[in-house]
Amino acid sequence: MADASTPLLAAQDGNDATHEGPEDGALERSLLLKVDLRLCTIAGILCSLNLLDSGVISSASVTSMISDLDLTGIRFSTWKEMIALRILLGMAMSGVYPGLSYLISTWYLRSEQQTRYAYMQTGQVIILATGSIVNFGLNKLNGKAGLAGWRYMFLVQGFITIVLGILTYFWMVDFPDQAHNTPWFLTEEEQKLAVSRIQLDRKDAEADPFAWPKVFEHAKDPKVYGFACMFFLLNLVSTSLSYFLPIILKSGMGFSENVSILLSAPPYYYAVIPVILTSIIGDRYRVRGPIIVFNCVCLIFGFCMLGFVDHVTVRYVGAFLATGAYVSNWAALTTYYANNIAGQWKRAFTAAAVTAMNGAGGVAGSFIVRQTEAPWYPTAIWISIGSHVLIIAFVAAFSTWFARANGRQIAGKALLEGTEGFRYTL
């Protein structure tokens with residue numbers, strides 16, 4: 001997974017730092033490979049398990065579950081036991097994505113991060129897509145041992161989550177300055193290199209001692225709320241599409257129950273291609289905003305195909321385009337905020353703010369696909385398009401702000417993020 005083409009400790013937005021000699025280069029490549037294999041793999045698995053409930057419930061939504069539990073109309077989004085279970089799931093899941101995003105940001109240079117978030121997203125979507133195929137098979141067990149097929153989906157994939165959760169305790173890594181506490185991981189020399197790379201990149205390899213004022217002082221930075229709002233707008237779409245894609249395929253496009261479950265998998269396999277390509281380009285040229293805008297435009301086109309075209313094949317292609325775009329923007333948006341803040345406690349505060357608004361977007365997204373609006377779902381289509389127009393507007397505003405701030409920093413008139421030599425990534 002390590003990107004061998006990445007210059008050794010290349011200049012990072014105003015910080016010039018390089019290693020000398022082939023031995024140092026080999027050591028850095030060895031370090032990146034170890035971190036990629038150990039951290040990015042488990043991050044992808046955990047993120048997929050974190051969203052497993054949406055994959056299972058979306059597949060189950062086209063089976064007898066709706067009639068068995070009387071989840072007609074809006075009851076599918078918030079009703080009795082469903083409400084309680086989603087609250088419990090939300091409590092358990094809330095820290096997974098921001099925690100992993102934060103941990104990854106502490107291990108990689110800013111110019112390496114989007115590709116690593118893409119690795120995480122790739123693992124996530126591959127497992128989610130495979131889960132749809134597994135659900136197709138499990139639904140074939142309908143009636144076996146007196147259980148409906150949708151119940152097998154929850155039982156089998158829930159058991160897998162429990163097992164992998166236990167293994168995670170032994171697999172997960174610590175922060176770079178504490179890597180010696182992680183068994184079977186880095187040598188002492190590799191750990192020193194990991195810390196020095198981050199210190200040269202943005203001078204926050206080691207966190208200050210914890211104190212609440214150090215965390216909450218970052219509440220004064222409006223950037224944090226802008227990033228959080230962007231995640232609200234993104235998750236508004238991703239939740240609705242992941243939860244309701246089988247419903248759209250069945251009620252909106254006329255496919256059968258099992259075919260709808262099966263056809264919900266390919267768009268996620270396809271998403272691997274754009275998330276990897278756009279992330280490599282973003283890291284290679286050190287740009288984030290243009291990548292986000294490109295993904296937003298692709299998503300808008302995808303939803304236009306879903307909502308305004310009669311031909312079933314074209315609508316299904318639109319699902320590919322929309323899915324690939326929002327998955328790609330998970331990596332791009334995460335890198336965007338991680339690249340433009342400095343300091344461990346600011347990272348922690350921003351991750352918490354992003355999580356809160358991301359969760360709120362998920363709640364809102366569960367209401368915008370209305371079964372009574374089949375087969376065109378106009379509310380979901382227009383809200384999805386509008387949300388990504390707003391993301392583009394946020395990027396434009398941030399780009400203007402960052403460009404002006406960087407100009408002041410270059411002229412020696414400003415110290416950005418309280419860090420010498422720091423410049424914002426556009």
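Backbone N, Cα and C atoms are what each Cβ position is placed from, and that goes for glycine too.
Per TrEMBL, the feature transmembrane segment maps to 83-105, 117-138, 150-172, 224-248, 268-285, 292-309, 315-337, 349-369, 381-403.
In this chain, the transmembrane segment (381-403) lies in contact with the transmembrane segment (292-309); the count of Cβ pairs under 8 Å, excluding pairs fewer than 6 apart in sequence, is at least 3. With pairs at least 6 apart in sequence, the transmembrane segment (224-248) and the transmembrane segment (315-337) have 3 or more Cβ pairs within the 8 Å limit; the two touch. Contact between the transmembrane segment (224-248) and the transmembrane segment (83-105) is not supported: fewer than 3 Cβ pairs lie under 8 Å, counting only residues 6 or more apart in sequence. For the transmembrane segment (349-369), the residues of the chain that approach it from at least six positions outside its boundaries are 74, 77-78, 90, 94-95, 97-99, 101-102, 215-216, 218-219, 224-225, 227-229, 231-240, 243-244, 247-248, 337, 341, 377, 379-380, 383-384, judged by C-beta separation under 8 angstroms.
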